[in-house]
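Copied over from TrEMBL:
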type	residues	note
COMPBIAS	67-95	compositional bias 'Basic residues'
DOMAIN	4-62	domain 'Tudor'
REGION	63-102	region 'Disordered'
REGION	123-148	region 'Disordered'
TRANSMEM	181-200	transmembrane segment
TRANSMEM	224-249	transmembrane segment
TRANSMEM	261-279	transmembrane segment
TRANSMEM	291-310	transmembrane segment
TRANSMEM	413-441	transmembrane segment
TRANSMEM	447-466	transmembrane segment
TRANSMEM	487-508	transmembrane segment
TRANSMEM	528-547	transmembrane segment
């Protein structure tokens, strides 16, 4: 089996298809069958390149240094003839080895300017994709419109030398969540809203009218022993993430083994919990101190966010996130300035995205199941509690089984790691997504056979839509020629990528969000209709998906231009009407 020269996550210089211009890219994956690398540009464009069209940053910088040295050594008073060479043009002295070497070195220091190249390649890339099944041919092609050769912009050696400095980080101008004022209020409202919902879920009368006017006592909100348990949980999951088993995934390295390391960590966590239960560890302790667990996690989130914001002062410009570099302290603290902060080889962002929060979600649900049996004097958990645990466990297991697909999500490739993501990963997910199980401990709800079958069917339909849509997107993004997606109808774009307009993605925009909503409803309905509190999760989920949908639509419209307008006409149905 052939080995890849570049590792997943490496930052290299990739040649733009159809030209001899290079640009800084990050390697996402490598296909051993087609011998093609999937790379992503800083503007989010993903392409597949051959190994011969990729060069390392070291070689690139060495070539720049040698070119500058040659330029300084020439006499300033002697005019030099500048000549732009085309990759298809042969040298007059083809037998001269020196000329060929110089030509290769010159090609290595070329840097692409995306905007003009995209405009000139809008037609030729479409033809190339249709003729090669989504692959990219780096030879010149004839434009079918007027039969003329598409002239690609070329640079002389002097022009190249003036533009070989690394591109500076783009300053964020499109502020989300209402800008500085919006994120300032969100930083306080989100933690308070989650705390309020937990207080209401734990009350006997879980109605909005019974909401306590006074603040809970400090003793009910804080306990140093609970804080220590949360720290031990994070440390335990960090150790599991470093084990040399499975597929080691991060944003800068991947060793190809299957399944993912996260799935093995989930199994080891389940074994550890099983041993604890066998040793008669009372997991209902989590239910009795649930508010204290939340405030402990919230304090850790705050301290981690401050650490991340301080350390980003020493981050290089290419390590900053496109969405968190506005120059406003509060906004950048909330959104996160650094894209993927690491401590040596430990990827903090990837760890928090998948490990402690998701596994904590499953553990808390299981603790609530035990607490229900203890408080309600049951020999077996209720059907409602079992359904909530099974449905949500399926979602978490699916996430760990498909862990590698997280590397292409917006959270990883675009969003910085600041308060927003740390709060979402370590507090919002484990303490909001478990509100149904927490509610059922004090508010049992009997389910008939009809409701049990209905809820199982609903969750199955939602999961099918969610998994099918995400699998189609990931497979098509990785290899459009894959037999599983090659039959899908597409619309080509000027970026070289195509938009799916058939299958689930041709039925409605963002069908994966539709699957999320259906599953979320199936998770909440076992709690019955006596109170609104168990459905707070749906409100949070709906609000989150509305924001993501609006952001996706806005970025796609900006990125794909007229192709997106064509896509909107081909797929007019939206989950959230009126949101563009």
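The count begins at 1 with the first shown residue.
Glycine is no exception: its Cβ is also placed from the backbone N, Cα and C atoms.
Across 261-279, 413-441, 447-466, 528-547, the stretch most heavily in contact with the transmembrane segment (291-310), judged by Cβ pairs under 8 Å, is 413-441. Here the transmembrane segment (181-200) sits apart from the transmembrane segment (261-279); fewer than 3 CB pairs are under 8 Å, leaving out pairs fewer than 6 apart in sequence. Taking every recorded stretch in 224-249, 447-466, 528-547 and counting its Cβ pairs under 8 Å to the transmembrane segment (413-441), the highest total belongs to 528-547.
Taking H, G and I as helix, E and B as strand and the rest as coil, DSSP gives the domain 'Tudor' (4-62) the counts 9 helix, 29 strand, 21 coil.
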